[in-house]
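Heads up: the structure comes next, in structure tokens.
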Amino acid sequence: MPASQTSVECASVGDDIIKEDIIQTEMEESGNGLEQVIPKPESIRDMSPEELQRLETRMVRKVDMVIMPIMGVLYLLNYVDRSALASAKVYGIMTDLNMTTNDFASAISILFAGYIPFQIPSNLLMSKISRPGFYICAAATVWGVVSGCTGAVQSYHGLLAVRVLLGATEAVFFPGVIYLMSAWYTKKELGKRLGALFIFQSIGSAFGGFIAAACLTLDGRYGIAGWRWLFIVEGATTVGCGLVSAMFMPEYPHKARLLKPIERDYAVWRLEMEAGAGEANDEITVWKGFKMAFSDPKIWALVWCMGMSQAMGSTGNFFPTLVQTLGYNKNITLLLTAPPYVVAAIASWGAAYISDHMNIILPIFLVSLGLAVLAYVICLATLTLGARYFAMMLMPSVIACPQAMLFKTLNIHMARPYPKRAAGVAMINAIGGISNVWASYLYYDGPHYYAAFACTIGCAVSFLVTLVVYTWHVRRLNRLLGGTPEEQRRAMKHGVTQQQIDLGWRFLGF
């Protein structure tokens with residue numbers, strides 16, 4: 001790195017404490033330091049590093065106490081609602097609605113006909129509205145209503161209609177949450193929070209089996225089938241939580257009511273420092289942000305990786321069916337779906353913790369994909385109970401960990417401008433999610449499911465190859481950023497700004 005540049009390091013989080021170590025060289029001597037690029041707000045200008053550290057600790061913990069429980073519970077309910085159809089299959093929805101195996105696959109995949117097209121416009125809208133937190137909670141309330149209505153369908157076509165509507169209402173939530181979290185947390189904090197979010201996902205999937213087993217004991221109560229009770233109970237719970245969450249969910253840092261004015265100033269400034277761009281520089285229209293994301297090859301590489309990961313994760317839509325091949329009765333089958341997701345919760349937290357503290361992303365991808373290939377090969381090769389359940393114990397973990405790292409990669413490599421990041425998050429989740437449509441039709445040749453597991457192995461390998469190319473690309477850009485002014489101008493063609501170059505910004509984690 002030339003002497004005229006500045007590098008910014010963020011040390012590891014510890015107990016949510018971020019210690020900024022700003023190293024300045026000749027820029028400091030010439031009066032062009034970091035604070036002249038992005039000046040400190042007046043309220044914190046005279047504070048010592050120790051005072052700033054205490055302020056940051058207090059502010060981050062305060063945010064954690066509000067944002068993470070709300071987002072986590074809603075994400076948990078999101079996955080409980082999603083897993084309900086797979087559980088309902090075990091308890092007779094196909095018989096009651098006269099569905100074939102192919103019909104059930106269509107009911108799974110058609111959700112994405114609503115889910116995929118609405119994510120990008122929703123996130124672009126979120127980048128411009130003043131109350132994204134309320135918007136997310138309102139969407140959760142609506143999807144709870146729609147999910148509950150699934151319990152009232154009387155035909156296969158009615159189920160398809162409700163599933164499309166459910167996908168459209170759920171489209172707001174996940175990319176919106178990722179976007180809003182990245183507006184609050186630094187790259188050193190974000191990985192652990194994303195890991196926590198995926199822990200809630202795993203808990204939701206795990207408890208989905210327990211909740212399903214409990215709700216299905218109501219079978220016949222008031223003349224209502226057990227699988228209908230499942231949707232009614234879970235939908236009503238989501239509606240209640242969505243309404244309560246709307247009263248407490250914070251918005252952007254600069255207008256958050258839970259923070260004091262000085263905390264708001266610091267929350268905004270530290271993110272501007274890290275991203276190498278201030279909020280005032282984000283005078284980018286929604287349409288321009290979308291075009292910037294659409295033309296960035298790095299985002300398309302991550303979209304492809306997400307597509308491969310979603311195809312691998314299609315096992316989750318049929319997990320009770322896969323577990324049923326072990327030969328147990330319906331209740332035991334549903335209960336056996338829980339432990340793999342408990343393992344996934346632990347793995348997600350461990351991966352996020354390691355990523356934040358060691359500032360790494362690539363090794364977590366590599367370990368996860370290696371274990372994914374192992375799990376799918378075992379299921380492809382044998383029906384032995386012990387070996388197959390061991391492989392099933394790995395499956396949720398090898399999906400959750402890479403997906404969390406994909407979103408972390410996007411948010412630290414493309415932090416600014418906001419509309420581009422919002423579009424990128426939605427593109428990854430929406431376009432990558434198309435894999436769920438065709439992957440739903442692979443689970444037809446049980447108990448071996450040769451087509452499904454052979455395809456998931458291929459997807460894991462394709463994911464790995466794409467990662468190798470992405471790693472080469474960002475390392476090349478880092479070399480350009482540390483090179484001559486001409487090389488730095490070449491790097492700017494790939495989305496890096498002059499302000500980021502002045503701050504010594506780099507693509508980290510690879």
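From the backbone N, Cα and C atoms, a Cβ is placed for every residue, glycine too.
As annotated by TrEMBL, domain 'Major facilitator superfamily (MFS) profile' applies to 67-475. If you look up TrEMBL, you'll see 63-80, 104-126, 133-154, 160-182, 194-214, 226-249, 299-320, 332-354, 361-383, 389-410, 422-444, 450-472 marked as transmembrane segment.
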* To do: Determine which recorded stretch among 160-182, 226-249, 299-320, 361-383, 389-410 has the most C-beta pairs below 8 angstroms with the transmembrane segment (332-354).
  => 389-410
* Asked: Which whole-number mean pLDDT does the model give the domain 'Major facilitator superfamily (MFS) profile' (67-475)?
  -> 88
* May I ask whether the transmembrane segment (361-383) has at least three C-beta pairs under 8 Å with the transmembrane segment (422-444), counting pairs 6 or more apart in sequence? => no
* Given the cut-off of 8 Å on Cβ pairs that are 6 or more apart in sequence, determine whether the transmembrane segment (226-249) and the transmembrane segment (389-410) share at least 3 such pairs. => no
* Asked: Out of 160-182, 194-214, 299-320, which stretch has the largest tally of CB pairs under 8 angstroms to the transmembrane segment (133-154)?
  -> 160-182
